[in-house]
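Input: a single structure, listed below in structure tokens.
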């Protein structure tokens, strides 16, 4: 959870960076995407590393690197140093994400099946919400917030890295750990069809997440130029908090039903957000962000539960890595494209085009999921039935 809190902590600070350093919307999205692309590279090369070397050493090393990244973020003095720090942060997060997620599944109590999978889904979005909220509060009340935020996180990651060394290892160390560093996506055949079927839904909701994370503060400023600084960062908090709440509410819902419901929510979320650009004001922008977050939570809940429920432990880290590769590509590449488009056509036009594309992707995903439901045998249980 702390890893994702750190990932979203810079979001409320982007307007401060823009004011201090004169960053453009494109520069902000490039800095945002530096994190995501470094995370992707780490997932591609180290996604299965903890399956071979063990969860404990991989996670402890990644947390130590996170602490260093926080120090670099606190000392950043321009777009270049900020992007470099985000690169290290993204790489460390990528290494830690699959290892931590797999460790949670390894330690699951057999008397409470599905609880670790739920934690894998809810912890990232809850972490992002917490990161934005704490960062926003520090901007409002703490001195030198661009330093204070990262100093607190650096101390937290240092403590966690030390604590991890005292935990129980859940995986036997294997030979040839270096071979696992070859870039690849280790999706076992049992879940490949599921990932293909649900992939468009994942792209749609994570692209929305990328928009609200990188350009959300600028959208709030466009709709309400005199809005307080805290209001700029709270747009992504609204998105993330709604996602976390939705995951919890839908914890006992059939995964395919959850994913379909999430896709159905994308279009009204886009309409609500865009209505803020046509005179409806900030409440509809925040309402759209909340509904988009609910769509994100529902799709994430449905897809990840279907992927992870019946998976052998030797495939867990690699499968999580493949899911996050798709997710963060969907979050970063559209955000960069939106940053470029904003520079040439303005944020208003870019927001409309982005919303239309997200809605079309959700419609395509809805079709694929509906076909999957129609082909599912009635005898399959809601918990374990595959998507086809």
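Placement of Cβ uses the backbone N, Cα and C atoms for every residue, glycine included.
Matching 201-219, 353-371 against TrEMBL, the residues noted as transmembrane segment span 353-371. Of the candidate ranges 57-75, 171-189, TrEMBL annotates residues 57-75 with the feature transmembrane segment. Stretch with the largest number of CB pairs closer than 8 A to the transmembrane segment (229-250), among 117-141, 257-279, 285-308: 285-308. Between the transmembrane segment (257-279) and the transmembrane segment (353-371), three or more CB pairs separated by 6 or more residues in sequence fall under 8 Å, so the two stretches touch. Mean model confidence of the domain 'Major facilitator superfamily (MFS) profile' (1-376) amounts to 84 (pLDDT, 0 to 100 scale). Away from its own ends, the transmembrane segment (20-45) comes close to residues 7, 10, 14, 78-79, 82-84, 86-95, 97-98, 181-185, 210, 213-215, 218, 321-322, 324-325, 328-329, 331-333, 335-336, 338-340, 342-343, 347 of its chain (Cβ-Cβ under 8 Å, at least six residues beyond either end). When each of 117-141, 147-169, 320-341 is scored by its Cβ pairs under 8 Å to the transmembrane segment (285-308), the top-ranked stretch turns out to be 117-141.
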